[in-house]
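Quick notes on the structure that follows.
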Amino acid sequence: MNHDKSPIILIGFMGTGKSTIGKYVADEQNLSFIDIDSYIEEKYKLTIPEIFSKHGEQYFRNLEFTCLQECINTADIIATGGGIIESEEVFNFLKNQKNIIWLDCNIDIIYSRINDDPHRPNANNKTIKQLNDLYCSRILRYNEIAFKKFDSHLLSISEIYYELLNLIKASDQY
């Protein structure tokens with residue numbers, strides 16, 4: 001990646017396809033890709049649920065921001081965790097980034113994808129109403145910083161890929 005260029009940063013609620021789409025686009029275009037959650041797990045040798053359990057959510061959010069800052073100048077595409085916008089400091093940092101792409105999805109589909117997933121501490125053992133409340137609490141923040149929004153339940157991976165490819169070409173960065 002040319003370090004004068006801004007990465008594509010995928011934001012959105014858990015289960016909307018950020019990691020899947022980010023990896024797909026990176027593979028198709030021979031770009032570098034980092035999934036922040038995977039990066040954290042590799043770097044700290046703990047799973048996300050273990051970090052939540054041992055240290056709490058705020059500690060995890062601090063790690064998330066540290067890792068985002070480490071990756072911002074080295075990755076072409078970054079998939080963030082769904083709650084990355086919870087911290088005011090991270091939110092303000094992201095507001096200053098150029099290529100923020102919001103992947104959104106219908107809450108019923110999200111619920112079917114992540115219900116009782118032990119790797120998602122903010123989703124495990126939650127009712128659809130509890131998950132929807134969390135989702136609704138984040139929508140305005142996603143919307144405020146997103147350059148572009150894609151509804152991943154209405155578009156296929158390849159359709160989102162071609163839309164992102166058009167954005168990449170239009171920005172003439174890669």
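Glycine is no exception: its Cβ is also placed from the backbone N, Cα and C atoms.
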Site-mate of GLY15, THR16, GLY17, LYS18, SER19, THR20 for ATP in Swiss-Prot, selected among ARG61, ARG120: ARG120
Spatial separation of GLY17 (ATP binding site) from ARG61 (substrate binding site) - C-alpha basis, Å: 20
Inter-residue Cα distance where the pair is SER19 (ATP binding site) and GLY82 (substrate binding site), in Å: 11
Check: same-chain CB within 8 A of ATP site center, minus GLY15, THR16, GLY17, LYS18, SER19, THR20, ARG120: GLY12, MET14, ILE21, ALA79, GLY82, LEU103, ARG113, SER152
Fewest-neighbour residue among binding-site residues, criterion Cβ within 10 Å, set THR16, SER19, THR20: THR20
Largest separation between Cα atoms (Å) of residues that the record links to substrate, namely ASP37, ARG61, GLY82, ARG138: 18
